[in-house]
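Peer 1: Quick one: this structure, given as structure tokens, is what I'll be asking you about.
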Amino acid sequence: MPIDLERWQFVGYLRRILMILKAPIKLICTLFLPVVDYEIYRHGWCKLLNCIQIITTPLFGITLIHSIMLNEFTGFVIIPQFAYARWSLCITVPLAIIVFVHSRTDIPPVYHSMFLGLNAGGCLLIMGICAAELEILCCIAGLIVYLSEGFVAVTFRSMAGSIDDTIVVVSLALEGYEQLALGAILGAPIFNILVSMGLAILLQETVRHGTAWFLIGKHGMNCYIFLNVAVISMLFWTLTFNYIARRSAGVFSFLLYLIFIIFAACVEWNVVHEFSKDLHVDPK
């Protein structure tokens, strides 16, 4: 249910108001995201709801992806595209009928773990769309207050783009996988830089034979230096404490990020010079 009735009886008025405000969003997520949790009753299995989710989750996901790819609007509202999504009903409806006939209501079936795929795909899609929309709003806010595109990219856009990673990392840490969460924190930025920026710079220099300076910008070298300082200091920090990342390492990381934001703001307002070299164009 969107509202936990047992928790409702033991919380105050403010928490109840918050639960009411969250109820519509939780209802939508309940209809499209199956739950597989081995610590709750029946592992989250609900026969009728899970059979409905077999149909709704692929239909919802394909519709969203197709609508985003076409990017057609009526005013400010995107036009939902069902051209490809409706064909998924040819597979999902018979599959839902088979699961409904074969499964039981009191115990989860042996293939209940396969619903994790629907849950993971739906969660990643929703988090990606929300992060992209928030990133666009941050860019618009930065342009309104006359901030440069590079400063908005290294501050607001990076924060908005890391929302989905933050949710996953926090969930891993709360479930007891702190080491895996720490590895994701250190490895995800390096992987993203190598794949996104690295391939773009390599393509620009080798195929198009042009300069890659505009891809880095005046904040690019600042990000590179602070990232190396963060990763190396974190590795030495954990090495000092026998490969155990304590809370002090997290506090240090937050302070280092705060210093980076202050430094980027000073560079934006021309208070200090960035670490990158000045671009000089030789006259012909």
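Just so you know, glycine gets a Cβ as well, placed from its N, Cα and C.
The feature domain 'Sodium/calcium exchanger membrane region' is assigned by TrEMBL to 120-264. Positions annotated as transmembrane segment by TrEMBL: 17-36, 48-70, 82-101, 180-203, 224-245, 251-272.
Give me the structural setting of these features: burial, nearby parts and distances.
Peer 2: Within the chain, the transmembrane segment (48-70) has long-range Cβ neighbours (under 8 A, six or more residues past its boundaries) at 30-34, 78-86, 88-89, 91-93, 95-97, 99-100, 103, 112, 115, 118, 121-122, 125, 129.
Sequence-distant contacts of the transmembrane segment (224-245), counting only residues of its own chain at least 6 positions beyond either end whose CB sits under 8 Å from a CB of the stretch, comprise 178, 182, 186, 189-190, 193, 252-253, 256-257, 259-260, 263, 275.
Within its own chain, the transmembrane segment (251-272) is flanked in space by residues 147-148, 151, 154-155, 218-219, 222-223, 226, 229-230, 233-234, 237, which lie at least six positions past its ends and keep a Cβ under 8 Å from the stretch.
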Peer 1: With DSSP helix as H/G/I and strand as E/B, how many residues of the domain 'Sodium/calcium exchanger membrane region' (120-264) fall in helix, strand and coil?
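Peer 2: So the domain 'Sodium/calcium exchanger membrane region' (120-264) is made up of 125 helix, 0 strand, 20 coil.
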